[in-house]
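The Zn(2+) 1 binding site annotation in TrEMBL covers C511, C514, C551, C554. For C520, C523, C538, C541, the entry in TrEMBL reads Zn(2+) 2 binding site. The domain 'Helicase ATP-binding' annotation in TrEMBL covers 283-449. Taken from TrEMBL, the feature domain 'Helicase C-terminal' applies to 546-700.
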Amino acid sequence: MNIAKVIVDVPARQTDRAFDYLIPEDYYGLVQPGVRVIVPFGPRSLQGFVVGVESSSNVEKLKAITQLLDIEPILNEELLQLGKWVTEQTLSYQISSFQAMLPAALKAKYEKEVELIKPEQLSFMPVTLQKLFQQSLTVSWGNIENEPGLMKSIQKEIGNGNVEVNYVVKARGKKKTHKVLFFNSTNEEARTLLDTMSSQAARQKEVIEFFLDKQIKEVPRITLKNELSTTDSPIKALIEKGILTEKDKEIYRDPHANREFKRTQPLPLTEEQSNAIIPILHSIEHNQHQTYLLYGVTGSGKTEVYLQSIEEVLKKGQQAIVLVPEISLTPQMVERFKGRFGSSVAVLHSGLSIGEKYDEWRKIYRKEVNVVVGARSAVFAPFENLGIIIIDEEHESSYKQEENPRYHARDVAIYRGSFHQCPVVLGSATPTLETFARAKKGLYELLPLSKRMHDKGMPAVDIVDMREELREGNRSMFSSLLFEKLQDRLEKKEQTVLFLNRRGYSTFIMCRDCGFVVTCPECDISLTYHRSQQLVKCHYCGYEEPVVKQCPSCQSDHIRFFGTGTQKVEEEIGKLLPEARIIRMDVDTTSRKGSHEKLLTAFGEGKADILLGTQMIAKGLDFPRVTLVGVLTADTMLHLPDFRSSEKTFQLLTQVSGRAGRHELPGEVVIQTYTPEHYSVELASQHNYQDFYLREMGIRKLHQYPPFFYVTLITVSHPEITKVVAVTEKISTYLRSNLSSQTIVLGPAASPIPRIKNRYRYQCMIKYKDEPQLRSYLKDLMDHYQKEMQQELQITIDMNPYMIM
Ligand code: ADP
Ligand code: ZN
Ligand code: ZN
């Protein structure tokens with residue numbers, strides 16, 4: 001077993017396979033699947049992942065591994081397998097998949113050190129280790145990296161739980177340390193000692209008894225002093241006697257460390273909740289893999305079902321992953337999990353620094369926690385005995401990664417659920433059509449929660465037709481109804497959330513008089529305005545026409561492209577209601593770390609009357625004093641050139657409406673729109689998912705979109721437009737001639753954003769029901785363009801696009 005199979009860190013087609021390397025004799029037993037190594041590769045030295053160890057190779061002259069970076073595998077067998085699967089599914093590179101599973105601290109070269117965590121065991125360790133840790137509990141990796149013998153001893157002690165390897169992320173400032181006291185005697189030794197100590201040493205006795213009573217071997221000095229209200233002198237005396245040792249120890253950079261989480265108890269479940277949880281508990285108990293759709297309106301008690309399912313999993317000694325969308329990873333959400341499970345919860349989200357993220361990951365890796373609550377990438381948490389995976393708000397598009405590997409967390413969750421034979425629970429009030437269709441077919445089990453807790457009804461929703469407002473001479477961005485209600489809340493000292501939906505590029509053309517939107521005759525998708533050419537274009541099929549000056553429907557000349565910013569809204573409120581205190585949340589005001597949280601806390605404390613923001617305020621927020629929610633323009637997302645635009649609009653409006661009236665005070669919602677008759681708007685205002693589902697399924701079927709067809713999107717980009725068009729044309733032709741006749745290949749068409757950073761972008765969309773060979777055709781294409789892709793040409797393939805940009 002002296003050959004290692006290594007995936008090297010060169011994300012490219014021709015290097016996307018395992019290369020064979022010789023394992024130097026000294027490293028036998030140390031090099032194992034899942035460790036990282038440094039290997040010579042051409043003239044360079046590269047990092048790589050060992051994916052297998054074998055006894056022979058077909059290659060004659062093998063080069064040897066030059067350095068070992070890990071003593072223990074950082075990817076276990078399951079994750080190595082999963083990495084391969086993700087690579088295959090997303091047509092990514094293996095190295096990219098492996099790196100996607102690990103915290104950033106492990107990707108780059110950070111300083112590493114070896115730490116003795118049980119100093120009292122040192123005397124039983126080999127002399128080489130005793131020498132190594134003579135001076136300090138931590139020694140830098142440099143002391144051992146060329147010493148395979150030492151590495152083996154360390155590997156053994158890692159196995160015994162006495163030593164560990166840490167990555168030191170020198171982010172801002174130094175790592176945090178505190179003074180820790182270690183108790184060096186066995187219990188018997190200590191008891192004998194107590195008997196022989198003189199009565200003057202009462203304080204010292206207390207300290208020894210403290211360790212004995214609590215059955216602990218170490219304690220922070222400050223904790224000991226506080227608990228015994230003692231001074232430094234007895235501690236010093238015991239250190240001098242060799243009974244205690246004091247060392248500096250790193251403390252975790254726990255972002256929630258300063259917060260107290262009030263512990264909560266499981267609530268008695270309602271009948272609906274009980275019915276929903278029984279099948280989940282059954283799967284947990286019998287180690288059965290099943291995907292559930294917990295379909296419940298906002299406030300119907302889904303989270304309580306998650307919490308009690310997790311409790312069962314923990315009782316079995318297993319672990320749980322909970323995914324929540326990035327933007328709803330609010331302190332409120334974290335509190336609910338920490339409140340129930342305390343310090344056994346790790347939290348992973350993008351607001352953490354590299355060091356903090358690594359600390360949280362390490363708690364999982366070391367099995368110091370058994371619940372992780374996190375955004376998308378937490379689905380890769382290195383738990384080895386998973387008992388449940390929960391995806392809250394499963395319809396959220398942030399579960400799809402928009403760079404390589406372009407995976408969807410839901411697919412990964414189901415893969416891991418099947419590996420671990422455990423349930424996967426998808427929760428949503430507005431599931432994606434794909435998920436709901438699977439539940440209806442019986443592929444997932446549907447668990448409905450139809451009622452809101454505490455008999456709270458859904459808030460009343462008013463739809464305001466902004467075309468009417470215009471006709472009546474109101475050119476402001478506020479309808480008279482919304483303005484009245486705003487004033488009313490200001491007087492009553494209640495709070496308002498104002499929501500401006502401004503995702504994407506507001507470049508669709510709409511008539512302000514009748515709400516008519518210019519759409520593609522072939523695709524039923526709004527056309528995108530290209531200012532420079534004065535054209536509107538379809539980004540799916542390439543159809544284009546000149547910009548109209550008059551509305552084709554009502555002949556009005558109030559037809560124009562759309563867009564409003566949060567800043568503009570803030571200014572307008574300032575003019576109309578100068579006394580109102582506003583908190584604005586958008587990318588500009590929340591780019592600094594922690595600002596998101598700060599703004600929300602300020603709003604929660606009543607420091608503002610109005611919270612104004614983009615979709616980042618749509619979810620998870622739960623403020624008792626919010627009694628009015630206003631949506632300024634419901635239409636902006638409706639007309640994005642995306643077949644999911646109606647679905648996204650429905651989901652968002654439903655979410656936003658759910659923000660009002662969650663507590664004692666009843667809530668109201670005002671939705672302003674130019675297309676009140678659109679089924680997304682109308683059905684969202686009635687909280688009617690079922691009818692929306694049926695309507696939208698009809699449209700998807702008619703236009704051959706998911707869940708009836710699969711969609712793959714190929715985007716080509718290059719600085720020269722002729723090149724882009726030619727390549728996209730060739731790709732389309734190649735696919736058309738190879739794929740089945742039922743498959744639809746659209747394009748070449750310019751991408752909705754046709755040029756980014758001086759690179760032109762074209763796309764080709766494949767819609768298919770069954771193409772078992774598709775992935776291999778696409779790989780052939782990538783192979784064909786490989787040389788050019790090392791220069792200016794870029795080709796990206798998305799096997800399940802959520803952004804058609
Ligand atoms: P969802 O996750 O579906 O939006 P939540 O779990 O947040 O709903 O529940 C809404 C509110 O109802 C929360 O304040 C929660 O504490 C409360 N709640 C949930 N289940 C129960 C229960 N069985 N008994 C009493 N209150 C409950
Ligand atoms: Zn079209
Ligand atoms: Zn019109």
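Including glycine, each Cβ sits where the backbone N, Cα and C put it.
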Among all chains shown, work out which of the binding-site residues C538, C554 has the most CB atoms within 10 A of its CB. C538
What residues, ordered by sequence, lie under 8 A Cβ-to-Cβ from C511 (Zn(2+) 1 binding site) and sit at least six positions away in the same chain? V517, C551, S553, C554, S556, H558, I559
Among binding-site residues C520, C538, C541, close to ligand 3 by Cβ (under 6 Å) are none
Pick out which of the binding-site residues C514, C541, C551 has the most other Cβ atoms within 10 Å of its own Cβ. C551
Within the domain 'Helicase C-terminal' (546-700), what mean pLDDT does the predicted structure show? 84
Given the binding-site residues C520, C538, C541, state which is nearest to C514 (Zn(2+) 1 binding site) when distance is taken between Cα atoms. C520
Taking the mean position of the Cβ atoms of C511, C514, C551, C554 as the Zn(2+) 1 site, which residues outside that list, in the same chain, have a Cβ no more than 8 Å away, listed in sequence order? R512, D513, G515, F516, P552, S553, Q555, S556, H558, I559
May I ask which of the binding-site residues C511, C514, C551, C554 have a CB within less than 6 Å of any atom of ligand 2, listed in sequence order? none
Is C511 (Zn(2+) 1 binding site) helix, strand or coil when read with DSSP? strand
How many neighbouring Cβ atoms, not counting its own, are there within 10 Å of the Cβ of C520 (Zn(2+) 2 binding site)? 21
